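Chemist: Okay, handing you the structure first.
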Amino acid sequence: MNQEVKNKIFSILKITFATALFIFVAITLYRELSGINFKDTLVEFSKINRMSLVLLFIGGGASLVILSMYDVILSRALKMDISLGKVLRVSYIINALNAIVGFGGFIGAGVRAMVYKNYTHDKKKLVHFISLILISMLTGLSLLSLLIVFHVFDASLILDKITWVRWVLYVVSFFLPLFIIYSMVRPPDKNNRFVGLYCTLVSCVEWLAAAVVLYFCGVIVDAHVSFMSFIAIFIIAALSGLVSFIPGGFGAFDLVVLLGFKTLGVPEEKVLLMLLLYRFAYYFVPVIIALILSSFEFGTSAKKYIEGSKYFIPAKDVTSFLMSYQKDIIAKIPSLSLAILVFFTSMIFFVNNLTIVYDALYDGNHLTYYILLAIHTSACLLLLLNVVGIYKQSRRAIIFAMISILLITVATFFTYASYILITWLAIIFVLLIVAFRRARRLKRPVRMRNIVAMLLFSLFILYVNHIFIAGTLYALDIYTIEMHTSVLRYYFWLTILIIAIIIGMIAWLFDYQFSKVRISSKIEDCEEIINQYGGNYLSHLIYSGDKQFFTNENKTAFLMYRYKASSLVVLGDPLGDENAFDELLEAFYNYAEYLGYDVIFYQVTDQHMPLYHNFGNQFFKLGEEAIIDLTQFSTSGKKRRGFRATLNKFDELNISFEIIEPPFSTEFINELQHVSDLWLDNRQEMHFSVGEFNEEYLSKAPIGVMRNEENEVIAFCSLMPTYFNDAISVDLIRWLPELDLPLMDGLYLHMLLWSKEQGYTKFNMGMATLSNVGQLHYSYLRERLAGRVFEHFNGLYRFQGLRRYKSKYNPNWEPRFLVYRKDNSLWESLSKVMRVIRHK
């Protein structure tokens, strides 16, 4: 049997053992906890002195510093070029992480290897030293177990009830001399033979420090037992937690402590409260400190570790791949740490709502307390809602959090004033200021589904908050106290009002004050780009007056777009030098991300699909555009006799067609205005993707008109030069609706013939919306749904009629798409586009 197979078998056995032990512990712990009166536990908690809690948390955070001696010994033994301060900071972070997700200390060992591998040339010796540290976590307990074996600590009660524990103690105790002898005979460094002994002493002191923290928890909850008996129970519990491989020893450690103190006659409610306080002080507090420290550490260490690893250097491509993600992860560590701290802060102060309610019940001025309670609750909820925004480095979310911290501070100062909590709020506030200066964006996009989710989440949190307060008051039997119930009745609505006011103020600040940040290039730059590189079927719409422009740094390419509802809706493909499109889009997306806007492309071709895909977009087919090949177009032949009949009819009625070049006279514009107004019939003009009747816009291109025999304009169409591929398009097509004549046919036919005479080779007749969308059962559901709309809702909008009409000109159909981010909603994106088109 080779070593690899042995390792696999060992891993399977280890996992099986840990799983079986976890199931056993969970079942036993459930049985024990089922008999505990949680109301009595809450009563006991309400009796605890606050100053004692503060001292406990300080002691819990400080006790982990002892473990830093491992790293001090390690750095000195290997003569690492690293400052003592950095060693202490890094060690604290490692040990806090190891305490939560330890798996017998293997997590801490792995992180140590990653960090310190960069500071020594002898990697083998480093691994040997780290192995000693890992094993010494058990040898410290082994030394303490010896003290139980020799009856220095009294564990007789628990040993009499659980006899097999005695044999575990013997085995663990016997491990100590073996380890000391081995570490001295075969040390990792011959000049440091006593490293194993030093680590054992550090481990022993650290376990004693943890025991003191738990013992102090017992003193706080008035669970008085002799220290000698207590320490014996703690050692046995620690052994159980360590060998269980369960992160933090959760369950196994707690079960032994619960059973041990039960044998000493301590009420289970007090033991449970003692364990909760211990977990908070010895695990939660150090993690908070570690999160703060991690905002400033680990960046260069992790980077150098990956760069220097022998497994990655030979594989250059793989290294580049991993390094790209590694840099992203490292960059997010500070914001992630702060987001976690803000989350914990909101949770802690949500619990403190109970303190405000409790104080209010015994104070005559209920109204003041409940206004403060509403402010406190609102601030906590806002803090919680902006955790993701803080992680995403949004300035708006950080400002929300800063305002929330200030409101919580005010409510705390006027109610349950605690200097330690106010100090903590000040620390978080300072970290938020630092984060605000580093933030990469002003705000995140506002999406409807996110708003709905936040509303539902807020209602859920407020409901849970109400249940928590009500349940606690019931458990403490203080509902009998007389109070102003009318104030309680309006507490929920007052909270909602405060949240709405704060959100409204910040939203106004960012949506209006920061709207000045939006920039737009000059139209002259766009004209120069089109003249040099050509345009497209939509490029003439730069003159419509309802768009802004974004150019690249060298002014060789641009986009035309419009802002609407936290989105930048771009019309068509980029224009200009195709080699600059990547740079242009990257700059545009960076610009949009900074301002917190979504990016939507409307009516783009399939030519640049790979480019849009690179920016994390998905596509929806809007329909197809009819492009007529003028080289093949003719009114001759049997199939075209309908075209000839239409043209002949206009000739018989003395209706003429002509192209009028700008500039236009006021009289001519007034004639067109008369036709346009009658054609619109009080309907609203469309915008953005089409032009509108505007003298300045119309004066940018020729206009085709049809006149009756009195020389009055009865129909007109505006031309749209495209500046590419010898193509031309039309925009506005309007006629007098009271005339029973095929004026649209006449305009199209005359325009087609005129365009062909002028040497154009392509004529764009516009898009047939939803045409040829979702026709296969393999298509996306959203496209199949759109296809059904095309087929069955022709009465609301002439989808099929529009395609049939254009098909008689035998065009080539080119697809047009909507491009939107993959995490956006299609229907919300379509809604924003429609709002842009229908509202100027």
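Including glycine, each Cβ sits where the backbone N, Cα and C put it.
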Chemist: Same side of the membrane for SER226 and ARG444, as recorded in Swiss-Prot?
Modeler: yes
Chemist: Taking DSSP states H, G and I as helix and E and B as strand, how many residues of the topological domain 'Cytoplasmic' (391-394) are helix, strand and coil?
Modeler: 1 helix, 1 strand, 2 coil
Chemist: Under 8 angstroms for C-beta pairs, at least 3 of them, ignoring pairs fewer than 6 apart in sequence. Is the transmembrane segment (53-73) in contact with the transmembrane segment (201-221) by that rule?
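Modeler: Contact criterion met.
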Chemist: Counting only residues 6+ away from its ends, which parts of the chain sit with a Cβ under 8 Å from the transmembrane segment (395-415)?
Modeler: 342, 345, 349, 352, 355-356, 359, 369, 372-373, 375-376, 378-380, 382-383, 385-386, 388-389, 421-422, 425-426, 428-429, 432-433, 435-436, 439, 441-444, 502-503, 506, 509-510, 596
Chemist: Between 0 and 100, where does the mean pLDDT of the topological domain 'Cytoplasmic' (293-337) sit?
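Modeler: Here the predicted model's pLDDT, averaged over the topological domain 'Cytoplasmic' (293-337), is 51.
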Chemist: DSSP-wise, what's the residue breakdown of the topological domain 'Cytoplasmic' (437-450) into helix, strand and coil?
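Modeler: Going by DSSP assignments, the topological domain 'Cytoplasmic' (437-450) contains 5 helix, 1 strand, 8 coil.
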